[in-house]
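Participant: Please read through the structure below; I'll follow up with questions.
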Amino acid sequence: MKGTTAAVVGSALVGVVSAQVGNGVVQWNIQKKHKPADPLGLRKRASTYEEVIQNEQIRGGYFTTCKMGTPAQDLTLQLDTGSSDIWVPDSDASVCTSTKNGGCSFGSFDPSNSATFNIVGKNKFDISYVDGSFAKGDYFTDVFEIGGASLTNMTMGLGNKTDIAYGLVGVGYALNEAIVADEQSTSAAYPNLPVNMVDEGLINTVAYSLWLNDLDASDGSILFGGIDTKKYVGDLTRIAIYPTQQGLYTSFLVAFTSLQAVSPSGTDTLTSRSFPIPVVLDSGTTLSYLPTDLAKQLWTEVGAAYSLEAGLALLPCSMQNSKGYFSFGFAGPDGPKINVTMDELVLDLTDGKAPVFSAGEYRGQDACAFGIQNFTSAPYLLGDTFLRSAYVVYDLVNNQVGIAATDFNSTESNIVPFPSMSAEIPSATVAPNQQQATAKPSATQPGYAASSGFTDGAATSSNQKNAAPGMTAARSFSLSSSFVKMRVIRAVATLHSGRAVAARHGVRHFGLASRVAVAALTVDTPSPRWTASQLGSRRHFSETPFARAAVSAADAALKQAKELAAANMTPEAAAARMTPAELKRLSQVRNIGIAAHIDSGKTTVTERILFYTGRVKAIHEVRGRDGVGAKMDSMELERERGITIQSAATFTDWAKKENGVEETYHINLIDTPGHIDFTIEVERAMRVLDGAVMVLCAVSGVQSQTITVDRQMKRYSVPRVSFINKMDRMGANPFKVVEQINKKLKIAAAAIQIPIGSEKEFEGVVDLVEMRAIRNDGARGINLKISKEIPAEIKELAEQKRNELIEKLADVDDEIAELFLDEKTPTPLQIKAAIRRATIALKFTPVVMGSAIADKSIQPMLDAVCDYLPNPSDVPNMALDLSKGEAPVALIPYNSLPFVGLAFKLEENPYGQLTYMRVYQGSIKKGQYLFNSRSNKKIRIPRIVRMHSNEMEDVAEIGAGEICAVFGVDCASGDTFTDGHLPYGLSSMYVPDAVMSLSIKPKRSSDADAFSKAMNRFMREDPTFRLHVDEESEETIISGMGELHLEIYIERLRREYKVDCETGQPRVAYRETVTTRADFDFLLKRQSGGPGDYARVCGWVAPNERNAEENHFETQVVGGTIPDKYLASCGKGFHEACVKGPLLGHKVIGTELIVNDGATHVTDSSDHAFSLATQMAFRKAFESAGGVVLEPLMKTTITAPAEFQGNILMLMNKRGTIVDTEVGADDFTMVADCSLNAMFGFSTHLRAATQGKGEFSMEFSHYAAAPPHLQKELVAKYAKELEDKRTK
Ligand SMILES: Nc1nc2c(ncn2[C@@H]2O[C@H](COP(=O)(O)OP(=O)(O)OP(=O)(O)O)[C@@H](O)[C@H]2O)c(=O)[nH]1
Ligand SMILES: [Mg+2]
């Protein structure tokens, strides 16, 4: 069964793939409606596309005019957020040829008249809707135009058989396409309209805004790729879209959490057993559908009742004059509210004369449909009757909806495009407290206080006016005559094949969506981001090359976005301006970092690189017997301990030989430490490098820090070559490692080599691209023996792995996919080009292998670095234009452009302060002046050097795209330097927070000077190392990333500065926060003879839902009860109070303080008084706001031989929660979330429990409330300390 499905998916998509690539180059007719300023004349920027849509009341829904085919055929299609395919009726379909119902007056499509029409899925298109209507036929590709945007290769459905006389433009999630449900496979998805627009560079991200005008205006607009800030009033608020239980995003499902009826006579809070109610925002549905219990309350408020004849709740048409409205609340108590007035909720039933109530209390009045109807099961729908009042932005990348009240009267326009792929909705703030969306409101019945106000003024019968509130049960009526029903529901496509049947049987069945909706709403975490890699993994990324079609959309969109949003100037465009000499220079520069799990052999590999490139004359091992030590581990401590502590930079030239031609590549290389405590070193290396070599151990594969460095590489978009080291080790299994890279790191990877011999017999590799054997020869493997003879016993394996490589490439590269589909074998040149393209595009990593210790196969790895990693002009590097609100601008590694460089690392050496600099644009000469764009200082560069570990080499000039170090520059790590003409800044790197600290003091007081000098230096060099003096205890406290981190600095103090120190017990960096809201009204009134202090502040303290790590201050004072300048002092007071929490004196995080009222005194109020009053108010409110102590939880990974599993389990049980255990052939790995507190001295316990054979690593994960007993103990201890101090 499974096989057949797969085959079907395959054949469906073969067409799609070949159709996409078959047409060759596509030229886009990009119309820029909102062309940005273009200083360099080279920018290409994605724009926004707007289309007016018309409300067709009788047909139900909003329609838009589009063009399709070549020559273009005009069509009017319904716009639908509830489905995701574009489809049109075939002009041969009987619904169009029959004249019975007027045929297809909105237009149908004649494929025989389009030169660009191409069938890509014969009989694959099959969609049905909840009202039983359907369309079936072929999937095809053709030109499609909407709102001035033209897409030449749009996949669409052709309705050969359908009972709907017009087509649709579904703009929902691609995963909601009919093909996905029909094939029951997410990998069948194709890039639908919004994704394709991104793919084609027309817009920057998969998002659009939709606003429908009011009912009378009969039109609306859809704006792809942007928002129009003039089309809404009030705030635009972001709320989460909820995924299915499988974690997939398929519909615009949001949490509807409250409903109020408001009229001149009063306000009612309406209730439902179903709150929080999952609702789908669906522009393809005319009316809105809510749970019956809630709908009935709405009907009671407005005097509507259900008519069996009409199958709808009806009310008198005159109710459109009612003054009442309904206020819809979303995403919890503090979420956005949208008011829907009655004139939007009373709809004509026909386009002719309205039917009349023939009996009952409304007798003689015209009957209209009420805009809110009932459904009996989830998901409920908010259709056009709701959406007309809401301006909605659909962000399909961040899975958020931006919502605000529509500005019906707007005549102005201010379009703001999304700046880049995955950018959040512009000008929108996130709804606070969204996790409370899951809370059930208390269920009491409304008092119907608003009811009479709804009918006042609307000319309803006197009966109604006199009816007691809430009394509609007795209402009865019938209608005057039969009438043509308006088409009220089309709505949510029922994508399951079985669903149409269910719908026809009158069962409201929503398949996937309904099964998932309610449960999904109980998820209280923010929705995860929809990234290309997540999609890739869900879509069985590696199963088949056909899956490529599915992910290409996201991948291409990301790539495009990176090029466009990031730069608005492609590297190609930059290259086009360069001289051939410059291009040649750059094409031979590689800036690379070596990063990996601890001890995987980075430094050993680097040592070989330096040796083979002739940079060092002899190889010295890490902790080798010769006592010299590896070049890159130059610090004494590194050599002793055999670990890298500081990253070290070097440069070298590699003469790469290819087909007898030698080309010299200039490689700047940084060897980084693997231990997590020194993670900042990896972070800053990744910030400035263009590519990386990720080293893995052939036995251990992907380990905990591999995952950390993977994250860092992804954070800075660094392409990588993967090198499997230690092929000589027993149990080496490179293919298992390749699989782990694919699965655990979720990046497509394939071996481009296979080993010759294994373990001790490991001799070299077979190069799968050229199909040749490469072995090392001569002393220390200095020569390479290359042969076309592949050993017979691995020939078959080589063929197999080469095919796997090609298949993998077909997944990520169009050209190889095309060859693959045509069953052609790519040439080595084509394979190489594809590997390079895919690697630089971050879609793939080629895997090479060797053994550094045995001097095997390092040179082919260097070749791979040159072949597949980018040169500085291949990757977009961005600066922020400080004069334009930090708008991103591209930097071009062109020597003659103005200089821009980043100081990424500082180091003190005997000659003074050394500043490592990455030159992004322009060049510098010795003696030249540069500007520090942070401090605005002009400085002279007296000396430029290239670093070679701890040695340096003077140079007179350094070119664009290179790395160097400069002397005598006073700056901080992360400062940007320019030539003084460009107002640019470079975004700095991510610096993790410290998790532990200890008190420290020099043993001899005479060492105080040396101590402070050393501390200043360490802090300047290492942003993760911090020092402060505790006011109360007057102790000096140092804090950092872990025990080893601090231990190393203490040791360096001793060795390098000869300062011996006393240290206290390691302490955990606790945090404090509040858990609920607490109001305060605080009066500070002090009189002491002269001028006193007077300040009154009112407001509240609450958790900061926007950011659990940051504090937020806000003023909501109306009427100027506190003047602005004092409000600023309140803010200052609050932030000061957060430095030292009330519970432990540790930092307060994730807290907000709002001031909304207060009072001043003519003479006694001052900045000081308000700051103080706020601090005191905060401290007082902290307790009632449920103040808690937070402790850091550490993600701890322990690896040990399998026999110790029991011991480790016992050790860990006491310390944390075990998250994962993986048992390998010989050893096992356990991952646990542990309290840092419990982990001090853990290495000793681990050693004892595993006879010294266990290893562990620890990384900060998040803050969580400390156990109550510990909190109590800590708070009591702190209180006692304070008390002791007071009484001292
Ligand atoms: N068997 C084997 N051992 C190796 C190989 N390469 C390195 N080692 C050993 O692995 C240990 C760690 O090597 P390093 O080069 O210091 O590893 P590293 O990745 O630089 O370590 P950190 O910088 O501390 O993260 C040393 O004992 C090396 O001798 C190899 O190819 N095979
Ligand atoms: Mg090392």
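Glycine is treated like the rest: Cβ placed from N, Cα and C.
Remember, it's a predicted structure, so these values are computed and weren't measured experimentally.
Heads up, here are the entries from TrEMBL:
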{"type": "SIGNAL", "residues": "1-19", "note": "signal peptide"}
{"type": "DOMAIN", "residues": "62-404", "note": "domain 'Peptidase A1'"}
{"type": "ACT_SITE", "residues": "Asp80", "note": "active site"}
{"type": "ACT_SITE", "residues": "Asp282", "note": "active site"}
{"type": "REGION", "residues": "428-467", "note": "region 'Disordered'"}
{"type": "DOMAIN", "residues": "587-873", "note": "domain 'Tr-type G'"}
{"type": "BINDING", "residues": "596-603, 671-675, 725-728", "note": "GTP binding site"}
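Situate these features within the shown structure.
Facilitator: Summarising the environment of Asp80 (active site), the number of other Cβ atoms within 10 Å of its Cβ, over all protein chains shown, is 25.
Asp282 (active site) falls within neither a helix nor a strand when secondary structure is assigned with DSSP, and so counts as coil. For Asp282 (active site), the Cβ neighbour count at a 10 Å cut-off comes to 29, with all displayed protein chains included.
Under the DSSP three-state reduction, His675 (GTP binding site) is assigned to coil, being neither helix nor strand. For His675 (GTP binding site), other Cβ atoms within 10 Å of its Cβ number 22.
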Participant: May I ask you to report the DSSP-based helix, strand or coil state of Met727 (GTP binding site)?
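Facilitator: Coil, per DSSP.
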Participant: For the binding-site residues listed here (Asp599, Thr672), which one has the lowest count of neighbouring CB atoms within 10 Å of its own CB?
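Facilitator: Fewest other Cβ atoms within 10 Å, among the binding-site residues Asp599, Thr672, is found for Asp599.
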Participant: What's the CA to CA span in angstrom from Ala596 (GTP binding site) over to Asp282 (active site)?
Facilitator: 48
Participant: Among the recorded positions Asp80, Ala596, Asp599, Thr672, Met727, name every one whose Cβ is found under 6 angstroms from ligand 2, counting any of its atoms.
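Facilitator: From Asp80, Ala596, Asp599, Thr672, Met727, counting a Cβ under 6 Å from ligand 2 as near, there are none.
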Participant: May I ask which of the recorded positions Asp282, Lys602, Thr672 have a CB within less than 6 Å of any atom of ligand 1, listed in sequence order?
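Facilitator: Going through Asp282, Lys602, Thr672 in sequence order, those close to ligand 1 turn out to be Lys602.
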Participant: With every protein chain in view, how many other Cβ atoms are within 10 Å of the Cβ of Lys602 (GTP binding site)?
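Facilitator: Lys602 (GTP binding site) is surrounded by 29 other Cβ atoms within 10 Å.
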Participant: For the domain 'Peptidase A1' (62-404), provide the mean pLDDT of the predicted model.
Facilitator: 85
Participant: For Asp599 (GTP binding site), what is the secondary structure state per DSSP, taken as helix, strand or coil?
Facilitator: coil
Participant: Please report the Cα separation of Met727 (GTP binding site) and Asp80 (active site) in Å, rounded to an integer.
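Facilitator: Here the two Cα atoms lie 56 Å apart.
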Participant: If you draw a 10 Å sphere on the Cβ of Met727 (GTP binding site), how many other Cβ atoms land inside?
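Facilitator: There are 28 of them.
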Participant: To the nearest whole angstrom, what is the C-alpha distance linking Asp282 (active site) and Asp599 (GTP binding site)?
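Facilitator: That separation, Cα to Cα, works out to 55 Å.
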Participant: Using DSSP and collapsing to three states, where does Asp80 (active site) fall: helix, strand or coil?
Facilitator: strand
